Amino acid sequence: MAPPHVVDEQVRRRIVVEDEIKSKKQFERNYVPMDFTIKEIRDAIPAHLFIRDTTKSILHVVKDLVTIAIVFYCATFIETLPSLALRVPAWITYWIIQGTVMVGPWILAHECGHGAFSDSKTINTIFGWVLHSALLVPYQAWAMSHSKHHKGTGSMTKDVVFIPATRSYKGLPALEKPAVEEEVSEQEHHHHEESIFAETPIYTLGALLFVLTFGWPLYLIVNFSGHEAPHWVNHFQTVAPLYEPHQRKNIFYSNCGIVAMGSILTYLSMVFSPLTVFMYYGIPYLGVNAWIVCITYLQHTDPKVPHFRDNEWNFQRGAACTIDRSFGTIVNHLHHHIGDSHQCHHMFSQMPFYNAVEATKYLKAKLGKYYIFDDTPIAKALYRNWRECKFVEDEGDVVFYKH
């Protein structure tokens with residue numbers, strides 16, 4: 001027989017689980033989709049915030065590149081430190097800082113793909129292609145698939161990434177409705193018990209580490225986390241189902257960028273050594289990938305955010321079901337506020353990134369309860385969402401994540 005304090009803790013946990021389930025079910029049952037039109041939302045934001053300033057955008061690029069150069073220059077002194085005990089933490093510090101700073105140009109290239117960088121399509125293409133190619137991102141190819149994501153955000157059928165799996169896809173038995181709606185069924189409670197007690201923290205952390213490290217390149221190469229397709233999909237095939245025939249030349253251009261950057265890295269490896277290139281560029285590059293996966297996953301995945309089937313979905317409802325989060329003052333600044341103004345970005349992707357924070361104030365006032373901001377610490381949110389956002393039901397026009 002378990003000691004009394006152990007039994008009490010088990011009872012307390014069961015009560016907490018039941019309360020969480022009831023609260024979540026009540027929120028989902030009472031949820032009413034937003035009825036604002038996109039024009040009503042746009043009219044709530046001052047017109048001057050939509051004006052793009054090419055010079056201002058280029059200055060952001062210069063600032064980011066100068067910052068990267070300064071961090072790189074400081075790292076060149078690491079090997080002069082007298083002991084390994086000093087060099088190891090110095091390298092780790094460099095990798096963390098440089099990986100964080102390099103996200104800035106990644107975001108600016110992403111803005112180019114939306115046409116938010118400049119009124120000039122040529123300027124957008126040049127800056128976007130150079131910046132994304134330097135980070136081994138196929139600029140045109142990803143910009144086109146990302147555009148489809150924006151057009152179908154929140155839709156179970158139209159989105160191309162972060163689409164929830166369904167109960168049947170997971171091979172789970174159909175959920176039996178309880179006799180009394182307010183009660184928690186034994187099946188549902190058991191489902192939550194499994195999530196809490198059977199899925200160990202080490203398993204969750206290991207899965208998160210894998211996705212943060214390899215999720216982005218796997219998405220580009222094999223469409224990992226993307227929409228199901230009849231055959232192998234990637235961002236480098238000119239005949240991939242992600243693209244139309246008239247877009248094939250753009251895939252060729254983006255592939256040229258990857259080949260060019262790969263050639264530069266190969267040349268530098270021959271001149272300085274592969275290890276040197278990996279230390280200065282490779283590990284920060286992995287850091288950039290981890291940031292991108294972390295940011296985008298948390299923007300589109302949360303237990304309280306619905307997804308819609310065709311009868312209830314429209315563009316503005318899907319755009320409103322993205323989540324703003326603060327990553328801290330410094331990181332928000334370095335990442336051009338892509339994390340804490342993302343709902344505004346999804347509503348108006350051609351709005352200049354440097355106006356999105358101010359525009360978010362007006363957006364929040366207009367949307368009211370439909371504006372979503374989550375202040376959960378980032379690491380905790382990652383762990384919670386990975387544990388709790390497993391699937392949605394096969395039925396229903398408005399569905400929420402379950403586990």
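Every residue gets a Cβ built from N, Cα and C, even glycine.
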Range among 117-121, 182-186, 342-346, 392-396 that Swiss-Prot annotates as motif 'Histidine box-3': 342-346
For the transmembrane segment (202-222): best-contacting stretch of 88-108, 123-143, 251-271, 275-295, by Cβ pairs under 8 Å: 275-295
Model confidence over the motif 'Histidine box-3' (342-346) (mean pLDDT, whole number): 98
Residue distribution over DSSP helix, strand and coil in the motif 'Histidine box-2' (146-150): 5 helix, 0 strand, 0 coil
